[in-house]
Amino acid sequence: MILLRRLLRQPLAIACLAVITLVVLACVFASLVAPYDPYAQDLANILSGPSGTHWLGTDALGRDVLSRILYGGRVTLFGTLQAVVTYVVIGVSIGLIAGTIGGIVDSILMRVADVIQSIPALITLLVVLAVFGRSETAAMVSFGIFASAGLMRVVRGVSMIARTEPYVAAGTVAGLGPFQILWRHIRPAVIGPVLTQVSLFAGIAMLVEASLGFLNLGVLPPAASWGNLVSDAQLAINRQQWLLVPTGGIVALMCLCLTLLGIALRDTYSSKSTAGGKSLSSWRSFAATMRRVPATPAAAAPALVSEYSQTAGREILLEVQDLSVAVGDLTLVDGVSFDVGRGETIGIVGESGCGKSMTVSGLLRVPPPGATISAARLTLGGEDLLGLSEQQMHKVRGKRIAYISQEPISSLDPLHVAGRQVAEAVRAHRGVSRSEARRIALELLASVRLPDPEAVYTKYPHEMSGGMAQRVAIARALAGEPELLIADEPTTALDVSVQAGVLDLLVDLRDQRGMSLILVTHDWGVLADVCDRAIVMYAGQIVEDAPTADLIAAPRHPYSAALLESIPAKVAPGVLLPMIGGTVPAPADWPSSCRFAGRCRFATDDCTHAPIPLTPTVTGVSRCVHVDRLEEKEAADAVTTA
Ligand SMILES: Nc1ncnc2c1ncn2[C@@H]1O[C@H](COP(=O)(O)OP(=O)(O)OP(=O)(O)O)[C@@H](O)[C@H]1O
């Protein structure tokens, strides 16, 4: 609808649509509008030229040219339609299959397309006509098949790109099935380019049909088609040149209008396209299986046996052990282990590129293209998520574990109103009727404190502010009544004035619903205010995991300490903000020993020989051999302060 509305804002497109519609209707209803019988001859009035009685003149047998154009149009338009339908059915279905399934299926289908495209279409048409006894239907269907290879490539390309759109990934994580994703999100992305291609192809197919008629390979005289009318006009050209004007003109006019309409559609479509973005959003929408690996005791155990994990009465909801994400030989997340208790909030903190988002992608089993995930243990409420098939995991995502991204607007599909996207998730998870889903969606929009849920329901993402869109995304995440909500930097892209409101909302929803929260953040203020426990990540590993208050008061890893020292709020006015020298190394440069050693003021030779395991500290766990030096420093600082 948006496409149509935008198209109708272009005068040239309106004119082309009007001409095409008028001509098609006049041909379809030729028996009502044509002034004469197309076969009626008036031999006393041949090649007469335009007159009051014959507006477009008569042909060499005195037949009315206007009537023959209208009746002949039926044949040409029907032939064109046959080619277009074949082109669309084959091109769209194979393009969608190749683009959404990918892999070997895609390779095979694209090789088939290569073969089809390498066959010379016109020569093959002549063969088809010879074999099928001049059947125009066989010729036009064959032409549709040959041309469909081009459409296959277009649809495949668009659906591959659409598959990586943030709102498609968000839909997958929200628990929508592959067919719902295909119908709701990929189909609208494909419609624009398909309509453009169809319009351009229809012009070409019409020319091909007219050429067959011109060469007397289509319907035979006295039946009319636009092609054989041009042929008749050409035969009479020495006696009456006018005849070529209406017969050739109608073909030229229709081809021109179809081509201009195709160009207008293309412009409309490309101005509508939206940009993608980073995070889970730019990742693959159809998730991966997960490899089970044996636990490595040194890496996994300490995080799970820390004093905090053993707190009496603490009920563990999520347990992650030795989670790794790799792209080829490159490990991006390296043996991450932690757990989340029911109703708890865990913060994951670290500089950009430390693997926070990738850890979340691993948990959800939605890795970036080409990445593999492995873990020794992954359980939710005691259920082994590692053993689940992708179909079963799909039911967990969105329903039991929900996700909200840092890009609220791009996580919503620009083509659907907000309420519909929330209602769609409600239906996917609760299996209720449309009207019930609408009612629940309105309730959810109200629960995220949107002032006028009815009005928000009908808004498109581009009509919303970032804060409003994030509340809609949260409402959608709540559709499945999740036990765990993962929020990847949920306030980063928002205006400072609305950040606090969104965080308060998350905390209130957590408390009201008894949900657990995993917050990925760069912001220590958020950690201090909201999180029970903080997990500090550096270069794909957990380097410290401790209750937030303890970690902030006395960090047990030099990286945590350095991050805390560089918080602007902790630095006195006029004093230069301490910065951590250097940057996080790229995954290919991660050493097997301490990864922070190159930037660490405590680094010694001990740090650069062998992998450093996580070891228990008085507050949690730390991956540092100099924890005692940090503790000494803490004691010295305490004395100085006193
Ligand atoms: N598709 C990919 N292929 C290869 N490497 C990738 C891919 N996506 C991310 N990476 C790398 O993985 C590492 C971890 O990235 P990740 O996005 O998890 O970091 P992050 O801590 O979440 O950063 P940010 O705070 O900027 O979101 C980075 O070095 C990044 O360059």
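Cβ atoms here come from the backbone N, Cα and C positions, even for glycine.
Any TrEMBL annotation is an automated prediction that lacks curation.
Between the listed ranges 84-105, 436-457, TrEMBL ties the annotation transmembrane segment to 84-105. Feature annotation (TrEMBL): of 167-186, 287-306, 467-486, the stretch labelled transmembrane segment is 167-186.
Residues 75-77, 79-80, 83-84, 87-88, 122, 125-126, 129, 134, 136, 139-140, 143-144, 147, 151, 227-232, 234, 251, 254-256, 258-259, 261-262, 265 of the same chain, all 6+ positions outside the transmembrane segment (198-221), place their C-beta atoms under 8 angstroms from a C-beta of that stretch. For the transmembrane segment (167-186), the neighbouring stretch richest in Cβ pairs under 8 Å, chosen from 12-34, 84-105, 112-132, 138-155, is 84-105. The transmembrane segment (242-265) and the transmembrane segment (84-105) are not in contact, since fewer than 3 Cβ pairs between them lie under 8 Å (pairs 6 or more apart in sequence).
Counting only same-chain residues 6+ beyond the ends of the transmembrane segment (138-155), those with a CB under 8 A from a CB of the stretch are 79-80, 82-88, 90-92, 94-96, 98-99, 109-110, 113-114, 116-117, 119, 121, 124-125, 128-129, 131-132, 190, 193-194, 197, 201, 204-205, 208-209, 212, 217-218.
For the domain 'ABC transporter' (318-564), the model's average pLDDT works out to 90.
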